[in-house]
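K.L.:
Feature table excerpt (Swiss-Prot):
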{"type": "DOMAIN", "residues": "1-78", "note": "domain '2Fe-2S ferredoxin-type'"}
{"type": "BINDING", "residues": "34, 45, 48, 62", "note": "[2Fe-2S] cluster binding site"}
{"type": "DOMAIN", "residues": "78-117", "note": "domain '4Fe-4S His(Cys)3-ligated-type'"}
{"type": "BINDING", "residues": "94, 98, 101, 107", "note": "[4Fe-4S] cluster 1 binding site"}
{"type": "BINDING", "residues": "146, 149, 152, 196", "note": "[4Fe-4S] cluster 2 binding site"}
{"type": "DOMAIN", "residues": "215-271", "note": "domain '4Fe-4S Mo/W bis-MGD-type'"}
């Protein structure tokens with residue numbers, strides 16, 4: 001620890017810290033633009049100037065390391081004059097367009113100019129003007145406002161792992177650009193909007209829509225992947241205006257994937273707002289009571305063993321739990337959350353979780369990806385891995401044909417035999433696994449989505465056992481889930497498989513990706529919020545609330561339960577999920593024993609310990625899985641996905657459709673250059 005004096009007070013701080021960090025620790029307010037705690041230091045805005053005794057000039061505190069005995073002053077006349085001068089230079093070419101700038105009201109330059117500026121203007125020459133750059137359908141640019149802090153460049157390089165933004169020219173001619181002015185090839189590009197301290201980079205879908213003070217803020221959870229990123233839903237009246245990240249150091253830090261951030265406009269289109277019944281081959285709008293009576297009559301006419309329920313990819317735990325209780329009361333145990341027929345082992349909870357945890361990745365020194373596309377399945381997790389790789393703290397190897405993950409990977413091949421050789425210790429990489437202190441394996445849908453998934457998983461468990469990856473001080477076995485509701489469904493006992501043969505009544509709770517050809521003879525009830533495949537195949541449609549219109553628990557891939565709060569009202573005549581299921585039970589004269597959301601959560605916490613620990617990770621058991629299934633000779637490969645359209649909300653998002661089109665155009669442009 002190093003002792004130093006700041007404004008007359010002595011503090012201690014760890015060696016290697018900067019003067020800026022010491023000042024913040026001492027409770028001092030230091031203005032800054034280029035500095036960001038999660039980015040490399042640039043030191044080019046000069047706004048954080050402080051006075052250090054024995055130094056002839058003010059010093060940029062963000063770039064100066066502390067040393068023993070330093071005496072620092074943060075509020076002297078020299079410091080004040082220096083900051084006023086820096087602010088004056090920053091404003092020389094900055095346009096006075098705050099009234100039409102989307103950053104107005106939440107702009108660092110506005111705030112700091114008011115607090116630290118002179119309040120007068122001595123510059124009477126012409127301001128420079130810069131042509132706006134194209135960065136895709138998500139980011140709107142106004143580069144004349146840019147103050148060259150280079151935050152966006154550093155985020156692209158260090159966090160996103162794409163070297164597609166940089167600065168050209170020098171001095172007053174410097175410009176930040178994407179070089180070829182293409183759509184940015186990143187799943188987390190929207191974070192550049194958040195870290196831009198001025199209005200140079202703004203959200204294109206949100207442009208000219210609202211001001212910060214008009215919005216209501218609601219804490220929620222991103223449901224478009226299984227990471228459980230913490231989000232803030234900003235709404236006005238009953239319309240969602242934008243979605244921003246909330247800080248959670250254990251999960252998403254302060255970053256957010258583009259899909260979770262921008263696909264909210266999908267909540268406006270193709271919504272189900274009234275119940276429907278199929279009559280003479282056509283869906284006809286009916287009352288809720290008629291829909292419930294039709295369901296009651298049909299359920300009473302079907303044997304319990306012929307009834308099945310399938311939960312979709314963005315359904316809350318409470319809704320699944322209510323549906324499970326209803327089916328059990330009817331005498332059926334045929335319910336699943338696995339509409340994709342994934343081969344998932346549920347022997348113990350640790351067998352289907354990301355046990356290392358998202359933040360735990362930063363402790364690993366060797367990572368093996370098997371059939372996993374972390375970049376598109378879990379962009380925030382992938383960013384953490386990439387940062388560790390780029391500083392040389394983590395080595396990543398891969399089995400399976402894969403995509404560019406934005407960091408260096410050593411490919412071992414795509415043959416099943418590689419896993420077999422690792423399991424018996426004859427592979428050339430055996431030594432590296434033995435020497436690694438904290439090795440980890442990430443198993444993706446390229447394994448559990450195979451027909452022989454159980455056999456491959458059994459083989460991977462042998463590798464885990466061989467190199468002692470699951471022990472008291474380290475859990476290195478990880479399943480990379482790609483849907484928000486899977487872990488929660490498995491936690492409450494939903495099955496991993498379902499028998500479609502002989503089903504006479506199928507209850508689809510937001511499920512749109514099942515093989516509908518196997519349900520041709522079944523009566524289908526669809527409870528959901530979008531008119532997608534499930535609704536089009538249904539005999540009865542029950543319009544439900546989306547995740548933004550009801551409160552619900554979601555368990556992320558590492559097994560952490562979190563609550564998504566209700567932000568806006570339901571659309572039309574739609575109802576919340578648990579209310580619909582409760583009313584069906586009422587028509588059937590079945591007592592579920594829970595009348596409201598609070599009672600559902602109390603019962604969940606009593607029956608499953610994990611739900612008594614919201615926002616926490618519980619200790620989980622892991623057991624070696626053995627399968628006698630036969631291995632196929634098919635190569636291992638991560639399943640191809642359309643990242644921007646993976647559920648009913650993102651599929652109905654105009655913004656996501658524009659992203660798909662823009663990335664296809666980018667591929668065509670690249671093909672023209674190389675072919």
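Placement of Cβ uses the backbone N, Cα and C atoms for every residue, glycine included.
Source: prediction; values computed, not measured.
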K.L.:
Please give the average pLDDT for the domain '4Fe-4S His(Cys)3-ligated-type' (78-117) in this predicted model.
P.N.:
94
K.L.:
Around the [4Fe-4S] cluster 1 site formed by 94, 98, 101, 107, which additional residues qualify by having Cβ within 8 Å of the site's Cβ center?
P.N.:
95, 96, 97, 103, 104, 109, 110, 145, 198, 199
K.L.:
For residue 107 ([4Fe-4S] cluster 1 binding site), find which of the binding-site residues 34, 45, 48, 62, 146, 196 come within 10 Å, Cα to Cα.
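P.N.:
So the list reads 196.
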K.L.:
Which one is it: of the binding-site residues 101, 149, 152, 196, whose Cα lies the shortest distance from the Cα of residue 45 ([2Fe-2S] cluster binding site)?
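P.N.:
Looking at Cα distances from residue 45 ([2Fe-2S] cluster binding site), the smallest one goes to 149.
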K.L.:
As a quick check of your reading of DSSP, tell me how many residues in the domain '4Fe-4S Mo/W bis-MGD-type' (215-271) are helical, how many are strand and how many are coil.
P.N.:
10 helix, 23 strand, 24 coil
K.L.:
Check residue 107 ([4Fe-4S] cluster 1 binding site) against DSSP and tell me helix, strand or coil, would you?
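P.N.:
In the DSSP reduction, residue 107 ([4Fe-4S] cluster 1 binding site) maps to coil.
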K.L.:
Where residue 34 ([2Fe-2S] cluster binding site) and residue 149 ([4Fe-4S] cluster 2 binding site) are concerned, what is their Cα separation in Å, rounded?
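P.N.:
Residue 34 ([2Fe-2S] cluster binding site) to residue 149 ([4Fe-4S] cluster 2 binding site), Cα-Cα distance: 4 Å.
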K.L.:
Around the [2Fe-2S] cluster site recorded as 34, 45, 48, 62, what other same-chain residues have a C-beta within 8 angstroms of the site's C-beta center?
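P.N.:
Leaving out the recorded residues gives 20, 32, 33, 35, 42, 43, 44, 46, 47, 60, 61, 63, 149.
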K.L.:
Distance check, please: Cα of residue 62 ([2Fe-2S] cluster binding site) against Cα of residue 146 ([4Fe-4S] cluster 2 binding site), rounded to an integer number of angstrom.
P.N.:
20
K.L.:
Given the binding-site residues 48, 146, 152, which one's Cα is the least distant from that of residue 94 ([4Fe-4S] cluster 1 binding site)?
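P.N.:
Closest candidate to residue 94 ([4Fe-4S] cluster 1 binding site), judged by Cα separation, is 146.
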K.L.:
CA-CA, which of the binding-site residues 48, 98, 101 lies nearest residue 149 ([4Fe-4S] cluster 2 binding site)?
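P.N.:
Ranked by Cα distance from residue 149 ([4Fe-4S] cluster 2 binding site), first place goes to 48.
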K.L.:
Might you list, by sequence position, any residue in that chain lying six or more from residue 48 ([2Fe-2S] cluster binding site) with a Cβ less than 8 Å away from its Cβ?
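P.N.:
Expected: 20, 30, 31, 32, 35, 60, 61, 62.
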K.L.:
Given residue 98 ([4Fe-4S] cluster 1 binding site) and residue 146 ([4Fe-4S] cluster 2 binding site), what distance in Å do their CA atoms have, once rounded to a whole number?
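P.N.:
It is 13 Å, counting Cα to Cα.
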K.L.:
Taking 10 A as the limit, how many CB atoms besides its own sit near the CB of residue 94 ([4Fe-4S] cluster 1 binding site)?
P.N.:
19
